[in-house]
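Note sheet for the following structure.
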Amino acid sequence: MSDFRQRALDYHAKPTPGKISVELSTPADSVDDLALAYSPGVAEPVREIAEDPDNAYKYTAKGNLVAVISNGTAILGLGNLGPLASKPVMEGKALLFKRFAGIDAIDIEVKHRTTEEFINTVANIADTFGGINLEDIKAPECFEIEQELIKRCKIPVFHDDQHGTAIVTAAGMLNALEIQGKNIENAKIVCLGAGAAAVACMELLIKCGAQRERIYMLDRKGVIHTRREDLTEHKSLFANNTDKRTLEDVMDGADIFVGVSGPDLLPPETLALMADNPIVFACSNPDPEIRPDLAHAVRDDLIMATGRSDYPNQVNNVLCFPFIFRGALNVRASAINDEMKVAAVEALRAITKEEVPAEVLAASNSKSLSFSKDYIIPKPMDPRLCERIASAVSKAAIDSGVAGI
Ligand SMILES: NC(=O)C1=CN([C@@H]2O[C@H](COP(=O)(O)OP(=O)(O)OC[C@H]3O[C@@H](n4cnc5c(N)ncnc54)[C@H](OP(=O)(O)O)[C@@H]3O)[C@@H](O)[C@H]2O)C=CC1
Ligand SMILES: CC(=O)C(=O)O
Ligand SMILES: [Mg+2]
């Protein structure tokens, strides 16, 4: 067994199995404490909440509690390995919520037969939480699940793999384009993958100025084009009227490659086909579509990002979900809307261009970091992220009329 694999297993097994636990926030030592915490004292907030459900925010953990919910159908890039196998990732998301944004999060892995059964399960428990972060649910079911839950729940419901990924991708991409001296309106974009992350990333890039007809999206069958008759509703939105059919066909002259598909799917030699000063986001986890060392060996003019912590430019939704929820929960937003997403993109972009605090340099073993090809997006441990993104998101929620307080 490799040293890293053993360390990763040990990290999860010790000192106690898993990565999260529940801690008490009030005293529970004396008879008097118990009389307040449980019977008879607990009856008082029960009555208050029965009278007005909003009192749950005052007397329970609801307002700072997010459910991280998965069915394990698209666990990172590992595929459909079932709900229980997704638990380490969901506990990991809970860890990140707490570590970076002080949000209490609990993982819930749901076994279900039909999409409707999954939706009903989540809708039926939603009132317990201040927000719901859907995670690693595969396309196309994820689109219906999120839309239906947004309709049925009074709290923010956010499919992280769609919108968290899209927000970070858009921020990193706009910064990378600026460094490469290109603009998004003219960019030829190749997107390998046509699932949850791909569709949301491309839709947000279009909102940022990308031209739909200059996007070439591919699934396992190749380029998504107008003559295909097997396309789902969301893939059809990206059907390109083109005679190009393969990855090699569309990589010719491309300015941007976004990989949200699976490991090692981008042959190094296809990079040679791209335009000058290209941008390659190989975001599949844990193994990217192409390893940075292979990519850099083919081209020295590219900007390269992955979803991982151990290379420069980590384009990963960890840079978004803790902070966008912090901003939403702080103003008790009923939804996470486009205005809040755009505010998160802009905050992320702006932070990248500012001086990096010494503690971030130390945590990332760097002597210096400044806006450049190897620093297009902030590091996740940057303490400015929470304050800056959350306040921008809260403001956008207030301005767009979805804030509850
Ligand atoms: N860095 C980050 O922050 C994030 C990265 N990701 C990564 O993106 C990837 C996809 O996740 P997600 O969108 O949630 O999953 P989905 O299951 O919703 O989508 C997966 C997509 O990848 C396509 N795909 C898989 N294998 C191939 C292949 N050999 N050739 C071409 N296309 C392929 C599938 O094609 P088809 O439709 O034909 O089945 C599908 O369209 C994962 O690797 C995940 O780790 C996801 C979210 C965040
Ligand atoms: C980062 C993440 O959410 C994923 O790879 O699925
Ligand atoms: Mg995910």
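Any Cβ shown, glycine's included, is placed from N, Cα and C.
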Recorded divalent metal cation site member, picked from Asp104, Asp161, that accompanies Glu135, Asp136 in TrEMBL: Asp161
Recorded positions whose CB lies under 6 angstroms from ligand 2, from Lys93, Asp161, Asn285, Asn316: Asp161, Asn285, Asn316
Spatial separation of Lys93 (active site, proton acceptor) from Asp136 (divalent metal cation binding site) - C-alpha basis, Å: 11
Other same-chain residues whose Cβ falls within 8 Å of the Cβ centroid of Glu135, Asp136, Asp161, the recorded divalent metal cation site, in sequence order: Ser70, Ala74, Ile75, Val89, Leu134, Ile137, His159, Asp160, Ala196
Within the predicted model, mean pLDDT of the domain 'Malic enzyme NAD-binding' (162-398): 98
Entries of Lys93, Asn285, Asn316 which, being recorded positions, have CA atoms within 10 angstroms of Glu135 (divalent metal cation binding site): Lys93
For Asn316 ((S)-malate binding site), nearby residues of its own chain (Cβ under 8 Å, 6 or more apart in sequence): Thr165, Val168, Cys283, Asn285, Gly307, Arg308, Ser309, Pro380
